[in-house]
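Enquirer: Take this structure, written in structure tokens, and hold onto it; I'll ask about it next.
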Amino acid sequence: QAQAGWLQHDFGHLSVFSKSRWNHWVHKFVIGHLKGAPASWWNHLHFQHHAKPNCFRKDPDVNMHPLFFALGKTLSVELGVQKKKFMPYNHQHKYFFIIGPPALVPLYFQWYIFYFAVQRKQWVDLAWMLSFYIRFFLTYLPFLGVKGTLGLHLLVRFIESNWFVWVTQMNHIPMHIDYDKNVDWFSTQLQATCNVRQSFFNDWFSGHLNFQIEHHLFPTMPRHNYWK
């Protein structure tokens with residue numbers, strides 16, 4: 001599931017095939033049938049992230065401030081002046097991976113992505129999503145029963161979400177986070193991204209998103225070329 005996530009990311013950025021249409025078609029299959037999520041939902045959120053990375057209220061990936069985390073020096077000082085404290089922020093480095101990963105568990109994401117597809121009448125995406133769940137339950141129900149199959153799905157999502165959170169947050173959250181200052185595009189991308197050391201394992205584990213700087217500057221570049 002994690003590797004399918006990095007693969008759908010490639011198709012979503014149109015970095016596999018030379019024709020955009022082919023990328024869109026396969027993207028719907030990979031994220032819909034292999035992962036059970038709508039391509040339109042991913043595009044809606046991820047394109048906002050690339051347009052304004054780490055810009056509070058514009059980048060969906062930093063919407064967890066300030067309810068769960070105090071992000072960035074500017075926003076943290078602002079909270080301090082207002083004397084607002086929703087969580088023990090001085091311990092957020094300890095509880096980050098307790099609160100962050102469950103966001104992708106069916107408690108929230110699973111019902112919201114269905115709501116998104118229905119609300120926006122993305123019927124093709126919805127059909128691909130249903131094909132994932134039909135295949136999943138037909139595969140495991142005979143062996144595990146209803147409770148076992150639901151438990152397996154929950155376990156897979158929990159492990160995957162921990163993996164996903166480690167990769168996606170390690171190269172953005174340590175960087176500058178603030179309100180949108182209308183800085184030029186190039187500077188906006190650089191101040192919001194950092195790289196993680198290259199190794200065979202890191203490249204595989206992160207889907208080459210350890211090269212986050214290169215990815216944000218050249219989002220349609222095939223990932224195996226980032227190191228160049």
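Glycine residues also receive a Cβ, built from the backbone N, Cα and C atoms like all the rest.
TrEMBL entries are annotated by machine, without manual review.
The annotation domain 'Fatty acid desaturase' is assigned in TrEMBL to 3-226. Look at TrEMBL and you will find 95-114, 126-146 tagged as transmembrane segment.
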Enquirer: Where else in the chain does the transmembrane segment (126-146) make close Cβ contacts, counting only residues six or more beyond its ends and a cut-off under 8 Å?
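Expert: Residues 28-29, 31-39, 113-114, 117-118, 152-153 contact the transmembrane segment (126-146) from elsewhere in the chain.
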Enquirer: Find the average pLDDT over the domain 'Fatty acid desaturase' (3-226) in the predicted model and report it.
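Expert: 92, rounded to a whole number.
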